[in-house]
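Here the structure is laid out as structure tokens; the discussion comes afterwards.
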Amino acid sequence: MIRAAIKGSGSALPRKVVTNEELAARVDTSDEWIVERTGIRQRYIAGADEFTSTLAMEASRKALEAAGITPETIDLIVLATATPDNTFPATATKVQEALGCNGCIAFDVQAVCSGFLYALATADSLLKTGMAKRALVIGAETFSRILDWEDRTTCVLFGDGAGAVVLEAAEGDTEAPGILASRLHADGAQHDLLYVDGGPSTTQTVGHLRMRGREVFRHAVVNLADVLKEVLDDAGVSASDIDWVVPHQANARILDATARKLGLPMEKIVVTVDRHANTSAASVPLAFDTAVRDGRIKPGDLVMFEAMGGGFTWGASLVRY
């Protein structure tokens, strides 16, 4: 059977770090308030010369280097973002041009914080059809550009960044590296719980992020538990078989709840929310690359990715690294 295996990963962060103390000087909040409710201690914020595309390019170059392959061998680029450089063309085409992957398929997907899971499943499907042999799957965001910096309930939660993986199609059995199972879902009836109040078709403005946090949390815990069970059932494995869970880094409380639902110790959960905050579509690949590079995630490990975002959208993928 054809399997899409992760051959390398990379990530990128803006230069500027913003601490909770610095935010407390701007809005009515404190380090203690933010840490207690979210687990976040700092975040990275893009400068005037840093964009979703430039972060994506840096993460992609590192992923290609880690995979030991050259850009011209990439057949497909799928970039997940809710904060593209432009309404069009796709930010993926900017990455394609910068890397020199001339002529390859390149497009964006938009599923907010679930975007990387949607992009990964899309690339996996295209590789299995034979339409492409190697793919770059990227999650990249500059969420700082759509935040209301007067709203302390949301501006403290998010940061900017990018993560990328190289996928390669190869024959393999269930023990070989590759994506074992994926599930995606959406529920548009909940769109007004997490959204941006602007857009080119409605207000002709970018708008700002709006969120009803308690309701989002309640839905997230249930939806993520359900989709994780679906993926485990599809793959024919149990939660105890998982070596690592790489969740969307929304906040520490959701990460704790996910671990409890799976019956896993927090030691098996990759946590970067304290350093990176919520980087939306970049969150999962950024956390994955962090854990690969610091030696936690090793070849052969069984890794679960999961995320939920505005829409609502949510999904999970089980990967043999």
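From the backbone N, Cα and C atoms, a Cβ is placed for every residue, glycine too.
In Swiss-Prot this protein carries:
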ACT_SITE  Cys113  active site
ACT_SITE  His248  active site
REGION    249-253  region 'ACP-binding'
ACT_SITE  Asn278  active site
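With a cut-off of 8 Å between Cβ atoms, the residues of this chain six or more beyond the region 'ACP-binding' (249-253) that come close are 37-40, 113, 157, 217, 220, 271-274, 276-279, 283-284, 286-287, 308. Between the CA atoms of His248 (active site) and Asn278 (active site) there is a gap of 8 Å. Reduced to three states, the DSSP call for His248 (active site) is coil. Within 10 Å of the Cβ of Cys113 (active site) there are 32 other Cβ atoms, across all protein chains.
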